[in-house]
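**Student:** Questions regarding the structure given below will be posed in turn.
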Amino acid sequence: MKRIAVLGAGSWGTALALVLARNGHEICLWGRSEDTMAIMRENRVNARYLPDQVLPPAITPMADLTAAVKNADVVLIAVPSATFAELCQTLATTLVTPVPIVWATKGLAANGHGLLHEVAQAALPGAPLAVLSGPSFAAEVAAGLPTAIVLASHDAKTANQLTALFHDERFRVYTSNDMVGVQLGGAVKNVLAIATGIADGLGFGANARAGLITRGLAEVRRLGAHLGAQDATLTGLAGMGDLILTCTDDQSRNRRFGIALGRGESANDAAEQIGQVVEGAFTAAEVAEMAHRLAVEMPICQQVHAVLSQRVAPHTAAQLLMDRAPRAEFN
Ligand SMILES: NC(=O)C1=CN([C@@H]2O[C@H](COP(=O)(O)OP(=O)(O)OC[C@H]3O[C@@H](n4cnc5c(N)ncnc54)[C@H](OP(=O)(O)O)[C@@H]3O)[C@@H](O)[C@H]2O)C=CC1
Ligand SMILES: O=C(CO)COP(=O)(O)O
C-alpha cells in the first residue's frame, strides 16, 4: 500500500484516484477550492466532474496542498497543462524530500516552454519523473471499463514501480522509456481532435475524418522525428491509439469543441458549453509555434491555430488544406 497525492480533482484526477484506491492505495485528492473539496469530502462524490461514482473511504478530498503531499510516497499530477508549471514550482517549495512525480496532464507548457518533462525536471531536480498517457476517457476508467495506457519514464525502475501502482485487470498499463513520444502523442492529438471536430461540424463526411486522422498522425510523426521521439510510440497507444479515440468519439471535449466551431459557434461559447478543460485550444498555439520554430510541416495544426486565433474561418481553413500542392504521401 502506498500513500499517493493526486493533484487535480477534475474528471481525470478523480478517475485515477478511483483506480489507485481500487488497487489498495491511500489517496489524498487535492483540488484548489476549499468549498468544493469540503463538499466532496462530505458527500463522497465529485458532483461537477464525475457525478456517477461514489468515492471510497481510501480517497480523502482536501484543498491543503502541503497536507496532501506531506506523507506522500508518490505524487500524481492531473491538472490542466496551463497550470502545470506553476504547480511544479509550488511543489518545489512544498515537498520536503524528492518523491516520484508522475503526471497524466496532456499538453505542452505555456509560453513556448515545451514538453512537460522539461518543466518538471527544471523545477524538481532529483525527483524520478514519469508520464501516464493513452486512450482513456475518465468516465470509462472510473466505471472500470477495460482500458490500455502507457507509463513512460527515462528510468526503467521508476516506470516499473509506478506501473505496479496503477495496473490491474481493468487498467492495463504498458511501460515505455520514451517520455518525449508519449507526451507528444497526448498533446498533439487534442489539436487534431479539434480539427476532425471542425470537419464534422462543417458537415464533411467520413472520408475527411479519416484523412485528417491519418495526415494528422503524419504531422505528429514529423514533429516526433525532430524531437527524438521513437516512431513506434507515435503509432502506439499514446499516439495513434489516443488520436483515434479522441477524433472519433463524442466523449472527447476537444472533438465537441471543434464540432461547435465548425457549426459556426464562437470559441468562447463552445468552451463555456463544454464546461471542462479543452486542452487542444491551448496546445494549438504551442504546437504551431514549435512547428514554425523547428521548420516542421504541420499544416493541420497550423490551420487549427489560425481558426482559434480568428485569422481564418473554419471552412476557409479546410479549403486551404485541400488547395495545397500535390505531394508524395511519404518523404
Ligand atoms: N478527462 C479525461 O478523460 C482525461 C483527461 N486527461 C488530461 O488530464 C488533465 C486534466 O483534465 P481533466 O481532469 O479532464 O479536466 P476537468 O475539466 O475535468 O477538470 C479540471 C480540473 O483542474 C482544476 N484546475 C483548473 N485550473 C487549476 C489551477 N490553476 N490549479 C489547480 N487546479 C486547477 C479544476 O478545478 P476547478 O473546478 O476549481 O476549476 C478541475 O478540478 C488534462 O491535461 C487532460 O487533457 C487525460 C486523459 C483523460
Ligand atoms: O485525453 C482524453 C482521452 O484519452 C480525453 O480527451 P478530451 O480531453 O478531448 O475529452
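The backbone N, Cα and C atoms fix where each Cβ goes, glycine too.
Unlike curated entries, TrEMBL annotations are predicted automatically.
Found this in TrEMBL, in case it helps:
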{"type": "ACT_SITE", "residues": "Lys189", "note": "active site, proton acceptor"}
{"type": "BINDING", "residues": "Gly8, Ala9, Gly10, Ser11, Trp12, Gly13, Ala138, Arg253", "note": "NAD(+) binding site"}
{"type": "BINDING", "residues": "Ser11, Trp12, Arg32, Tyr49, Lys106, Ala138, Arg253, Val277, Glu279", "note": "NADPH binding site"}
{"type": "BINDING", "residues": "Lys106, Arg253, Asn254", "note": "substrate binding site"}
{"type": "BINDING", "residues": "Lys106, Gly134, Ser136, Lys189, Asp242, Ser252, Arg253, Asn254", "note": "sn-glycerol 3-phosphate binding site"}
{"type": "DOMAIN", "residues": "4-158", "note": "domain 'Glycerol-3-phosphate dehydrogenase NAD-dependent N-terminal'"}
{"type": "DOMAIN", "residues": "178-318", "note": "domain 'Glycerol-3-phosphate dehydrogenase NAD-dependent C-terminal'"}
**Student:** Just checking: which of Arg32, Lys106, Ser136 have a Cα that is within 10 Å of the Cα of Trp12 (NAD(+) binding site), counting only these binding-site residues?
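**Tutor:** Cα filter at 10 Å returns Ser136.
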**Student:** Determine, for the substrate site, the additional residues of the same chain whose CB lies within 8 Å of the mean position of the CB atoms of Lys106, Arg253, Asn254; present them in sequence order.
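**Tutor:** After dropping the recorded site residues, what remains is Asn190, Ala193, Thr246, Ser252, Phe257, Val277, Val278, Glu279, Gly280.
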**Student:** In angstrom units, rounded to an integer, how far apart are the Cα atoms of Lys106 (NADPH binding site) and Gly134 (sn-glycerol 3-phosphate binding site)?
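**Tutor:** With the alpha carbons as reference points, the distance is 10 Å.
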**Student:** Which of these binding-site residues (Lys106, Ser136, Asp242, Asn254) have a C-beta closer than 6 Å to some atom of ligand 1?
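**Tutor:** Near ligand 1, sequence order: Lys106, Ser136.
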**Student:** Under a criterion of Cβ-Cβ distance under 8 Å and sequence separation of at least 6, what residues of the same chain contact Gly8 (NAD(+) binding site)?
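**Tutor:** Those within reach of Gly8 (NAD(+) binding site), by Cβ under 8 Å and sequence separation of 6 or more, are Trp30, Gly31, Ile77, Ala78, Val79, Pro80, Thr105.
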**Student:** List every residue in the same chain as Asn254 (substrate binding site), at least 6 positions away in sequence, whose Cβ is under 8 Å from its Cβ.
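**Tutor:** When sequence neighbours closer than 6 are ignored, Asn254 (substrate binding site) has Asn190, Val191, Ala193, Ile194, Gly197, Thr246, Val278, Glu279, Gly280, Ala281 within Cβ distance under 8 Å.
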**Student:** If you measure from the Cα of Asp242 (sn-glycerol 3-phosphate binding site), which of the recorded positions Ala9, Arg32, Ala138, Lys189, Arg253 is the nearest?
**Tutor:** Lys189
**Student:** Which residue, of the recorded positions Arg32, Lys106, Lys189, Arg253, has its CB surrounded by the fewest other CB atoms within 10 A?
**Tutor:** Arg32
**Student:** Sort the residues of the domain 'Glycerol-3-phosphate dehydrogenase NAD-dependent C-terminal' (178-318) into helix, strand and coil with DSSP and give the three counts.
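**Tutor:** DSSP composition of the domain 'Glycerol-3-phosphate dehydrogenase NAD-dependent C-terminal' (178-318): 110 helix, 0 strand, 31 coil.
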**Student:** Between the binding-site residues Ala9, Ala138, whose Cβ has more other Cβ atoms within 10 Å than any of the rest?
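**Tutor:** Compared across Ala9, Ala138, the most Cβ atoms within 10 Å surround Ala9.
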